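Visitor: So TrEMBL says this about it:
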ACT_SITE  Cys337  active site, nucleophile
ACT_SITE  His740  active site, proton acceptor
BINDING   Cys196, Cys199, Cys216, His228  Zn(2+) binding site
DOMAIN    173-284  domain 'UBP-type'
DOMAIN    328-786  domain 'USP'
DOMAIN    590-633  domain 'UBA'
DOMAIN    650-696  domain 'UBA'
Amino acid sequence: MENELLDSITVPNAIGRDECIYCFETPINNITEGSESIDLSNIEHSLNICVSCFQSVCKSHRELHMNVTSHSCDTNHMNYLNIAKLEKSKIKQTGEDGNATPPKKIKLQVTEKSENELYDTVWKLIRCDENNETEILLDSTTCTQTPVKIASMLNAKSQELADQASSWELEIHTCEHSKQFNLDTVPLKQIDTSKCNDCELDSNLWLCLHCGNLGCGREQIGIEGHSHGLKHYEANKDHCLAIKLGSLSESSNDVYCYQCDDEVKFPDGNDTLSLILKKFGIDIANKTATEKTLTELQVEQNMNWDFKMTDSQGNELLSLSPNDELGCGLLNLGNSCYLNSVVQCLFNGGVSEWDTTMLEILGIEFPLDVVYPGNNLRCQLIKLSNALKVTPSQYPQGIKPRSFKKCIGGSHEEFSSNRQQDAMEFLTYLTTQLDNKFFDKNAESPNDLLKFSMEDKLQCQSCQAVKYSYGTNEAIQLPLVENDEIQDIQERIASFFGAETIDFNCPNCNNKSTALKQARMKTYPDTLVLNPIRIKLVNWQPVKTSNELILPGVDDANETLDMSQWKSHGFDASREKLMDDKKKNDGGFEPNSEIMADLKEMGFSENAAMRALYATGNQPGSMESAMEWLFSHVEDSDLNDPFVVPMKSESDDEVIVDTNAMENMLGMGLDAKLSKKALWLFKNDVNQSIDWVFNNMDDNGEIPKKELRKSDKIYGSEECPSYQLRGVVCHKGNSVHSGHYVAFIRKIIPGMEEEQWVLYNDEKIVLAQDTKEIRQNGFIYFYSRS
């Protein structure tokens, strides 16, 4: 019987045998403290690989899988390869001197380690009947030789590793200064590399690649430095490239560009670098690294934040066990801390009632018509929700949200990768994906708790006519003042709602004038999301800031945020007059005269040029966009026909962006359509918009019409609530492309009278009493109705 069964199957190259498809049970059995090995008669954890579809299920969900396949497949999947991995005996490794081997240095690249080095695998080939009773067909403990098909299943590549297409290596790029470096200008001289030219420091030394000056680096945590290398650059602005000597070897180097303020590399690898160093008497082939590289220092800083769970006084933080109130931890998949922190806030009370609303809609039972739950968003939400809200105590070591990340990330270039991402961007992406792919058919969505209506009032300064427009928002993004000072969040909110003067072509009085633009809240959400923009551009590169913020509710849970003064009062017919928007349909389009003249000089007709300018936004600096439009529409039969401005119905929506912001982006040479879409996406925030354009150069710039249609549904409430701070996502690190995210959520702790801040740091859950990180590194603040 077993031979016929094995002969009938074809083993795939990769098999998902790392966890159950319905929960986070794994086949791993670790040796408990005080034991030397695992009792084969008392194996606690195992998985059953279905030999029909090669999905893995735990014992608790095996019957479910049989019911699903009975319901949705031609045959019921009754045969399984049961596997368990038993940790090998732990033998303390010692060095030649008899002492314990020191920990290996931090490695950045994830390497595939042989499972045979870590675990012994035991297996059983079993057949189940309709009552889920099992019959053992073959057993590894009695087989003298493992059958070929079973060996193939055991040795097939792990699906988890197959999905992990790349490790989380920090990407280093060239810059214009490394690309244009002139080797002929480097002097030929022998240099003393023993100490800094300007002080006595003999470590953390940086060699100027332009002249050979040796200066010490900047002071860092645990590393002395007086910034003499930086001062040399400030005195010699064309000497921007330097290399760290202590980390230099044939296989590693740190080249830093002071002007770009980033680690860079030469286009040809080490070839140019080797020639430069030889001019200074340094042979890279003979160098051995004696100090950590910049990347290793960054990783070490992240890992210290990740693993050094102590407060500012050095006291160990109290570890908390998973339970129904706290949920369980989420293991880091390699730069997935942004996802972990957002998920914890949503599922564990950072957004009040989001979790209970989600649970009511989802339920806890898996649908019987989904054979492959790994690709089904509903199933992945149930799997994640069950672990965090129903059975968290089963996972004291945390869970790996890998299948959820794979499902929700889909084909998205960034969120399907292992690179660090922006937590706010992921929150927006996640809620949008859930609304579009799951909640669109439901009357209620937990994401509605975040939504509210924002009013934008535009008032012409010539005729005083006003225009009101309304849009649905899920967050308020607050630009911070570019300094290192402590800032009050309520002052930043006041600045956000303050009136702004913009250039304006008024359709009411037909004057080129200015207008006052001002935002107000028409409705208030159940949870208000505040996102301080902790990013500034330095040499056109995004740099993270860490201004400490004064916020209500950080130290006193009863302190509230009052947003009532920003309430919209709408149109007042006794004091205001509305703009006559119909006038904008009268053909009063005025093309940019300079670009028109340039396009006509190139041989394009006036009508063709007008069409191009109308289609690309008619903005100063949009010449290139207009030309691209013309080249792509040169075959249009009506290209040279008389141009008539398309009529715009009153029901159509208009995408209005800040004119000054648009001109700033066009002045940088960015595409007009992409800039307009970015400013629309990020509510006229220039920094976020610039970052989006650089990362979405292949986007067509079109704003989907369904996104422009105003929804009939009104989100939020007109009554202004008192808001209490319930959850915070923090980012530690000085780069937007690295660092580490954690979540702080207010929780009830047994034995404590008041709610406490609980820190969710990947798989670790601890009591956090020091609130400095919340104020200094808060990235997303969730204020819920009190």
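Cβ from N, Cα, C; glycine included.
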Visitor: Do any residues, 6 or more residues outside the domain 'UBA' (590-633), come within under 8 Å Cβ-to-Cβ of it, and if so which ones?
Guide: 505, 639-643, 645, 662-663, 666-667, 669, 671-673, 676
Visitor: Between Cys199 (Zn(2+) binding site) and the residue listed as 'active site, proton acceptor', how many Å separate their Cα atoms?
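Guide: Cys199 (Zn(2+) binding site) to the residue listed as 'active site, proton acceptor', Cα-Cα distance: 34 Å.
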Visitor: Check each residue in the chain of Cys216 (Zn(2+) binding site) that is at least six apart in sequence and keep those whose C-beta is under 8 Å from its C-beta; list them in sequence order.
Guide: Cys196, Asp198, Cys199, Leu201, Asn204, Leu205, Trp206, Glu224, Gly225, His226, Ser227, His228, Gly229
Visitor: Three-state secondary structure of Cys199 (Zn(2+) binding site) from DSSP?
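Guide: Where Cys199 (Zn(2+) binding site) sits, the three-state DSSP reduction gives coil.
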Visitor: Name them in sequence order: residues not among Cys196, Cys199, Cys216, His228 whose Cβ is within 8 Å of the mean position of the Cβ atoms defining the Zn(2+) site.
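Guide: Here the nearby residues are Lys195, Asn197, Asp198, Glu200, Leu201, Leu205, Leu214, Gly215, Gly225, His226, Gly229.
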Visitor: Looking only at the domain 'UBP-type' (173-284), what are its DSSP counts of helix, strand and coil residues?
Guide: 25 helix, 20 strand, 67 coil
Visitor: Between the Cα atoms of His740 (active site, proton acceptor) and Cys337 (active site, nucleophile), find the distance and write it as a whole number of Å.
Guide: 6
Visitor: Looking only at Cβ atoms, how many others are within 10 Å of the one on His740 (active site, proton acceptor)?
Guide: 23
Visitor: Taking all residues of the domain 'UBA' (590-633) together, what is their mean pLDDT?
Guide: 82
Visitor: When DSSP states are grouped into helix, strand and coil, how many residues of the domain 'UBA' (590-633) land in each?
Guide: 29 helix, 0 strand, 15 coil
Visitor: Highest Cβ count within 10 Å among the recorded positions Cys196, Cys199, Cys337: which residue is it?
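Guide: Top count of Cβ atoms within 10 Å goes to Cys337.
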